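Trainee: Would you mind keeping the following structure in view while I ask a few things?
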């Protein structure tokens, strides 16, 4: 039996606790109401009264007076109805209509709640006669409706005619006082069910209380309980030794702010262990705890369902599938079967910069002062109450400061947080020369006074009406009720009527609070927090960034990492970008021409097996540290994947030689049984030796099937390469139970190469041509990225339209890219202007993103453009047409050129496949720079030429013809390179969009990317400093112990954040690669091939007006430890330095004399990689010494008596060894501690530690070698080898 809500005609004699007429619930509810059912805040004339506000084809209409501050029109439906839709018209034959409005509802006409429409406010009218109907996404059961106009015809005034649609609603209710309960007994002593349905509706003004509880003797229980305004469900299916009530249980919570005196629907469905808990429109899915699969309610322990909330009401309907009927038992306590009207009426302070309520402080008989009230808010700061106290006219302020209440008389504060959205009670009193502050019934905090104080004038809640009491801090924004001053309750009804006090920007009869984190709009597990007017997402630990944690911080593949200049190492890749799959760790092998992605598992070692049979096989399971969906995404996105399987056997067969059935097999990624052992042709039960025709026994397809007893002849090793089956998830061995049988197996890691999406390219050569795809799934968030090249001056890259909404990315002019969309708030446009034409037949990158918080547009390395979403605007982008790529539905303004690597929400689009069936579109793109081979490396850009290509390395920290040559410089302690920014480097706010679309609040735009390599033996040492005109800085140093330290000083009035990713000594003469990436508060650091480490900054502030970046010695005043490192400078080799789009080392070497680059001290081009290799080999071959040593091997036969104006002094010889080298050349090895470089005009030259010795084989000038012993002549050598 599954008791759902039934129409009234079906209730019968059973009289369930709730019934409703829900069949065809769409009839008009307002048209037949009497005139007395209509009320309004005011009326502009006798003909525009509220009773004229019925929807009518030829007459009527209500309008308020033009001076009305808070107009509203109210309809009394005479009894509770189920309302499913509302409709509006303007005033008949006029210029008066409402274009948007709020809808409030109430059971009593006193306590109101705003209907939360999906897209904020309701859309109204555009003229006076057309009827606009809005269907409610979820129906409401209410008696009173209130229409609150927000916008109206700017050429006229407000005018309204209204209708509501729905049906009659009847229910049976029970009212509880907090001490009462209702007992329900089942007709049998014991009941065990596998499926249950429990549904009820409740309303309460308390945030705590048990709604329903049932339990059984074996430990089963079910409890529905209000806790902190949320609904908790505790459910256990037997044999649980934990507490049934109290603090030791784990609950599933859903809902929020459920203590709002409005009806809430609860629905619990259970089948076995699967449970759905729904409150209103929010659902949680979970698995029940306990060892059983049925819910057993035992009569001997508790044969009842207890419904016992705190003071409030509950309309309850309970149905339990599997029961045989039941009866209502006793109702202990004060249970009544009618709903008492609520007595608590609140008002809402709408603004943190203008809302106030001034109330007179009636004289106290005792001459003292007291005030108490209840409030709720999400804001961590705000002035709640203020007053002037005599006799010395001292100001009293009660404010929320840092989420806690603070009384400013002597800065006394409460200990608990009060910005949690719950109701809190506070009382302040000054009596008997003592000031006390009491919060939520906790023990009061007292302050001794020298004299008795009493209030003078008005008491202000929130802000205040006069300038002499204005404050720099924000005013209170939230809800207030039960205000009592000097023992006198304040009647908010009289305040609203203008009979008591004064107010501004208040909303009466409602607490208009909302939980912006329910449902959470943070993606990928981001944690939602909120204030009254906005929400924010904490993306820490998610692997994603951006306002709603939408954008992955990781590249999608190893191939993508190589394109940005990375080397071999462990990386986290996110194969579906901003899609639902998270990142997974892989090893990227970039030592070959192909970039291999390697996913290791937990069983790469060889496993010996004995004693297994088909009845009891040996099973080895492989865990790749990634989900099946992640593995599928990696394999699917790769061009080729393979996995080696090694099977050594001794009397252990793979196949039964009689019938060919497998005795050993493996399972693919989906758990399907596979018995082929080589290649990419599934279903062929063969081994590698059969395909190569070199099996030991020609009668068998596998070596092991010969059933030999010798290891050396029985080896079946194969490479599996059919992508749809990879990787191997299990291997099952079933033939090692005979005497002498044994097998050894090993499954290698999954190895893949190629990224199928990176070079998926099409060409559009007709303006009317396009590709079409299914409708873009982008309601709440979408990101679109692609590359294009063209010679056309304009064209639409892609477009998707809805009824009114749309999204479009286009080349609007030769140097202008625009991203435009409309989600119901009016068209919004972001524009990026390039200083160079974009129709230059070269590849350009575009990334556009739109989410509920903001939109952004990126073109190449140009500054990122942002646009804030309005705080309470429409959220959902509703599209209905197909997605058009390279054109539009109208076949106008089509794009002419090439598009590649189109990705939407992390999913790559197969443009080439779709181009096969589209006229005017072909696969591929003409030109040298359109192939999958990476011609230019390390962010280098391929430039088409008429007879070839060149690599533009201007955005790369590397040089050379293909941007793969390391740019290295050797520093001494006086050396420094300073790059001065031409303009403040930061992201820029878009200024061309509509003002109505821009929110006043802004999430952090802070982001930096830095990467560099270094070799040094010095510690401490200054590596890199970024400073701003506002005294902010970033510093990367080596500390006294040689460990890396990263300093972020973002708040000039606070202490810097300091992070030490590793404590190891990096001043070891070896090459180290550092990568630093920041987004807001999240800082990601990678050292060498290690995985990314994540840290949290204390601030997400931007670097304001970046002034310069300095490598080496710095003379600025910084933190003490940083200053010490700065004064020591850097002695060693720096290479491949990149900060965002700037490569300072490269600029120093190629733009000497430029006003942007300032060089101090000696600066010598070097090769850090070769030097580090030399040092590393030396350290491996010699006993550690207090001084790092390097070796130079000089062939004497290449020495010639020649001299040069430049040279190298090799000093401090510690050991000399002569020996004969193959070929007759005589060699001499010198071990040195430091070297000195001499150039004309520098006197004695520049001394370097050995870790920074320039690699002599790369020095263009002749090297002059001064001998220190008689074994070497004074000659110059042009052939030196580093060893």
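Heads up, the Cβ atoms here are built off N, Cα and C, so glycines get one too.
Automatic prediction, not curation, is the source of TrEMBL annotations.
Checked TrEMBL, it gives:
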type	residues	note
COMPBIAS	31-57	compositional bias 'Low complexity'
DISULFID	898-925	disulfide bond
DOMAIN	19-167	domain 'F5/8 type C'
DOMAIN	173-347	domain 'Laminin G'
DOMAIN	346-511	domain 'Laminin G'
DOMAIN	513-550	domain 'EGF-like'
DOMAIN	549-601	domain 'Fibrinogen C-terminal'
DOMAIN	760-925	domain 'Laminin G'
DOMAIN	926-964	domain 'EGF-like'
DOMAIN	984-1168	domain 'Laminin G'
REGION	24-65	region 'Disordered'
Trainee: Tell me, roughly as an integer, the mean pLDDT over the domain 'EGF-like' (513-550).
Mentor: 90
Trainee: For the domain 'EGF-like' (926-964), which stretch among 19-167, 346-511, 513-550, 984-1168 has the most Cβ pairs under 8 A?
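Mentor: Of the candidates 19-167, 346-511, 513-550, 984-1168, 984-1168 scores highest.
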Trainee: What does the DSSP secondary structure composition of the region 'Disordered' (24-65) look like, as residue counts for helix, strand and coil?
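Mentor: Going by DSSP assignments, the region 'Disordered' (24-65) contains 9 helix, 7 strand, 26 coil.
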Trainee: For the compositional bias 'Low complexity' (31-57), what are the same-chain contacts with Cβ under 8 Å, counting residues 6+ beyond its ends?
Mentor: 63-66, 68, 70-78, 87-89, 91-92, 131, 157, 159-163
Trainee: Please list residues from the chain of residue 925 (disulfide bond) whose Cβ is under 8 angstroms from its Cβ, counting only those at least six apart in sequence.
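Mentor: The answer is 761, 762, 763, 789, 898, 900.
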Trainee: For residue 898 (disulfide bond), what is the tally of other C-beta atoms lying within 10 angstroms of its C-beta?
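Mentor: 25, counting other Cβ atoms within 10 Å of residue 898 (disulfide bond).
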Trainee: Looking only at the domain 'Fibrinogen C-terminal' (549-601), what are its DSSP counts of helix, strand and coil residues?
Mentor: 6 helix, 17 strand, 30 coil
Trainee: Go ahead and report the DSSP secondary structure tallies for the domain 'EGF-like' (926-964): helix first, then strand, then coil.
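Mentor: Per-class counts: 3 helix, 11 strand, 25 coil.
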Trainee: Could you tell me how many residues in the domain 'F5/8 type C' (19-167) are helical, how many are strand and how many are coil under DSSP?
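Mentor: The counts are 9 helix, 69 strand, 71 coil.
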